[in-house]
């Protein structure tokens with residue numbers, strides 16, 4: 001009985017951390033989409049008015065405002081955050097909704113696979129975002145240093161949180177796998193003393 005209660009406490013802690021991290025990744029992914037897609041931020045603006053003319057501009061890999069940058073990188077950043085947002089939303093939903101959570105813990109290896117994918121996805125994304133950083137002259141001319149730093153930082157944080165979620169999925173899978181039937185709550189409520 002003590003072991004079951006201990007498993008319940010560990011399971012509740014893993015649930016809380018999992019829900020928190022999925023919520024944070026959702027928020028950070030949405031923020032990246034907002035920063036990259038909002039024309040007023042001038043990270044990706046197809047009608048940037050600069051120096052008396054309109055420019056089709058992307059900040060990534062830009063060495064000057066007039067030349068613009070790598071439009072593929074702007075699309076990539078949008079795809080990076082959007083795909084992550086969709087995947088993590090489903091994991092968040094399965095964590096948040098009580099009726100769906102047992103499915104998530106039963107098929108923990110699927111959650112682990114998604115989190116491994118997310119970890120690699122954000123690692124590559126964070127490297128690309130960091131490598132394609134615009135020059136300081138572009139950052140200063142358009143006053144986008146904070147936005148670029150935010151996207152870069154949030155990408156690395158999403159990578160770290162995804163990596164941590166891999167460990168949580170493994171820990172939860174091992175915890176659930178060691179139970180004889182169902183969750184610890186079911187075991188503690190159905191113990192037979194006869």
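Cβ coordinates come from backbone N, Cα and C, glycine included.
As recorded in TrEMBL, the features of this protein are as follows:
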TRANSMEM  12-35  transmembrane segment
TRANSMEM  76-101  transmembrane segment
TRANSMEM  108-129  transmembrane segment
TRANSMEM  156-176  transmembrane segment
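Contact counts against the transmembrane segment (108-129), taken as Cβ pairs under 8 Å, peak for 156-176 among the stretches 12-35, 76-101, 156-176. Note on the transmembrane segment (76-101): residues 15, 18-19, 22-23, 25-26, 29-30, 32-33, 36-37, 44, 60, 111, 114-115, 117-118, 121-122, 125, 128-129, 151, 155, 158 of its chain, located 6 or more positions outside it, place their CB under 8 angstroms from a CB of the stretch.
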